[in-house]
Ligand SMILES: Nc1ncnc2c1ncn2[C@@H]1O[C@H](COP(=O)(O)OP(=O)(O)O)[C@@H](O)[C@H]1O
Ligand SMILES: CC(=O)N[C@@H](CCC(=O)OP(=O)(O)O)C(=O)O
């Protein structure tokens, strides 16, 4: 499914960061893909690290429809966990795997436009693609951009963006192929069997039935939006599954295909 010269936008969920072996495996798969000339943008979450840091600071965790409510007294902790610890852990793993990595955030280089999504969510951002110059520069050097989902609004607010939605904006920006890697092998049906392919109607039905919920609902809806925008499928697969990574590295299709 990967078209020639298309940039691969690979998003990994935060649970990866709690698994050193899986992180190293992912980095070697990325290195293998890069060696064939494939340009890759790595986007990451870190929701579990944010949870840990909020708890350590006696802050309450609250989510609305899969998105973290982020009051102003929590944004510093969120930024530290995502743009700091998570981003640098991945940069360190990429460096260890022998790649040149640039740790960045959505807020860098005019890459996206960011606004407050919904006042009920506090400092949560909605982002749209803006300027690909910075990413293109990094990719043209043969380096690996590793992007956290912290954005900055025109008014100068630091904003917490769901990382699947961050990956969506970057995939649109570079007209890339989007792959969302999570801790599950794909989207499950009611019997927890991975569904090979899903279209808009099937997604709406499964969401209405409560079979697709929480973080997966956000993910699948982000994937559908990009699939429709680009007229090509988006993959939801696992970073845990070495076979899936191998197939992916060879340009194959794995997990669940979200159809336009
Ligand atoms: N139908 C479904 N198929 C797969 N996972 C689902 C489904 N519904 C809810 N989930 C949950 O969504 C989680 C993945 O979303 P999330 O935790 O946000 O991932 P990530 O941090 O990788 O972005 C899975 O671990 C699972 O618990
Ligand atoms: C607004 C919002 O929900 N932001 C997310 C950003 C991190 C994220 O999305 O991490 P995963 O990919 O690991 O889930 C959060 O604070 O958890």
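From the backbone N, Cα and C atoms, a Cβ is placed for every residue, glycine too.
No curator has checked TrEMBL annotations; they are predicted automatically.
Per TrEMBL, the feature substrate binding site maps to 46, 47, 68, 160. The Cβ of residue 68 (substrate binding site) lies under 8 Å from the Cβ of 47, 50, 61, 62, 78, 121, 124, 160, 162, each of which sits 6+ residues away along the same chain.
Under the heading domain 'Aspartate/glutamate/uridylate kinase', TrEMBL lists 7-238.
Long-range neighbours of residue 11 (site 'Transition state stabilizer') (same chain, six or more residues apart, CB within less than 8 Å of its CB): 42, 43, 44, 45, 163, 164, 166, 167, 178, 179, 180, 181. Annotation source TrEMBL lists site 'Transition state stabilizer' at 11 (among others).
The annotation site 'Transition state stabilizer' is assigned in TrEMBL to 219 (among others). The Cβ of residue 219 (site 'Transition state stabilizer') lies under 8 Å from the Cβ of 164, 180, 182, 236, each of these being in the same chain and 6 or more residues away along the sequence.
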Can you list which of the recorded positions 11, 160, 219 have their Cβ under 6 Å from some atom of ligand 2? 160
Give me the sequence-ordered set of same-chain residues, not including 46, 47, 68, 160, with a C-beta within 8 angstroms of the centroid of the substrate site's C-beta atoms. 14, 45, 50, 70, 78, 81, 82, 149, 162, 163
Over all shown protein chains, what is the count of other CB atoms within 10 A of the CB belonging to residue 47 (substrate binding site)? 22
Would you count the other C-beta atoms found within 10 angstroms of the C-beta of residue 160 (substrate binding site) for me? 26
If you draw a 10 Å sphere on the Cβ of residue 46 (substrate binding site), how many other Cβ atoms land inside? 29
